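A.B. asks: TrEMBL feature annotations, pasted as is:
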{"type": "BINDING", "residues": "R72, Q90, R95", "note": "substrate binding site"}
Amino acid sequence: MKDSGAASDHRAAVEVTKDRNGIEQVVLRNPRGASAKISLHGGQALSWRTERGEELLFTSTKAIFKPPHAVRGGIPICFPQFGNRGSLEQHGFARNRSWVIDDNPPPLKPSDSQGKVYVDLLLKPSEEDLKIWPHSFEFRLRVSLAADGNLALISRIRNINCKPFSFSIAYHTYFAISDISEVRIEGLETLDYLDNLCQRERFTEQGDALTFESEIDRVYLSSSDKIAILDHERKRTFVIHKEGLPDWCGIHGRGNQNQWQILEMKSTGTCFVLMGQQLRNRLL
C-alpha cells in the first residue's frame, strides 16, 4: 500500500478506515482531490470520484454492505466463475470473501506505480473454499488512482501447486449514468455477440454504436481493447482500456433503473495470469 510520488500535495494519500459494519476500507486520494474507495469485503471498489466530488460508479440503494452478501454496485470481482456457468454460486466466491492488504506484493512494471496512489490486496482460499473448488491459488489485486484521476485494476492469479485448473474472471463494473436512453457505446461494431434474451443466439453487431431502446443482455466475443461509453446528457465519456482480457465483453442495460454494466472476462487454464482494466473519465 503506497502513495507513489505524492509528497508534493497533502491531499494525496492512502488511508485505511472502517465502514459502519466494522469492515476495513482503503481510500485513495490523488493530488487533485480525486478519490477511490475499496472495501476489503470482496476486494471491491465501491466509489470513484472526480476532483469535483462527482461519483462515477453506481451502487444500488438496496445494496447490503455486510457479509455474506455481495455488494450490488461498484466493481465486484467475479472469480473463479462468471455468472452461473459452473457449479459454484453466481459469479464465484471472491466477491463474498474477506481480502487482506498485501504489504509485500511481487513487483509490477514501474509504469503501474509511478505517479499513482495504490493499494495491493490478496485473497487466498480458505479450507471451506477448497472443499467447493479444490484449487490452491493466490489472487493479487492492485487498485490504483493516477494523477489525472484514471482508475486501474490489475489482477494476478497464481497457481500454487501447478496442478492445471480453469477459471473465469470479470470486472463487473457498474457505471453511474444519467438517462440510459442518452447513452451510447462505441467500439463494438462488427463484433459477434450472444444474446441472453434470445437463448444465447449468436448475432453480429450491425451499428456503428450501441444504444439502449429496450433491455439488453449480451456477451460480445473477442472485444477490442478500448471501448467508449458516451453519456450525452452529462456530457461525459468513460473510456475502458483492457489488457490480457481478450475473450468477452458483456453488456447489460435496463432502462427502468437508469443503470448499466460492462463486464470484461478472461477464461484461461494457465498457472499465472496478468490482466487489467483501466477506466478513464473525461468531459465531452
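Each Cβ is built from the backbone N, Cα and C atoms, and glycine gets one as well.
Nobody curates TrEMBL annotations by hand; they come from automatic prediction.
Values in this document were obtained by computation on a predicted structure and should not be read as measured data.
Buried or exposed, and what's around them? Tell me for each listed feature.
C.D. replies: If you draw a 10 Å sphere around the CB of Q90 (substrate binding site), it holds 13 other CB atoms from the protein chains shown.
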A.B. asks: Just how many other Cβ atoms lie inside 10 Å of the Cβ on R95 (substrate binding site)?
C.D. replies: 22
A.B. asks: Taking only the residues the record lists as binding substrate, namely R72, Q90, R95, what is the largest Cα to Cα distance between any two of them, in Å to the nearest whole number?
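C.D. replies: That value is 13 Å for the farthest Cα pair.
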A.B. asks: Return the count of C-beta atoms lying within 10 angstroms of the C-beta of R72 (substrate binding site), excluding that atom itself.
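C.D. replies: So the number of other Cβ atoms within 10 Å of R72 (substrate binding site) is 16.
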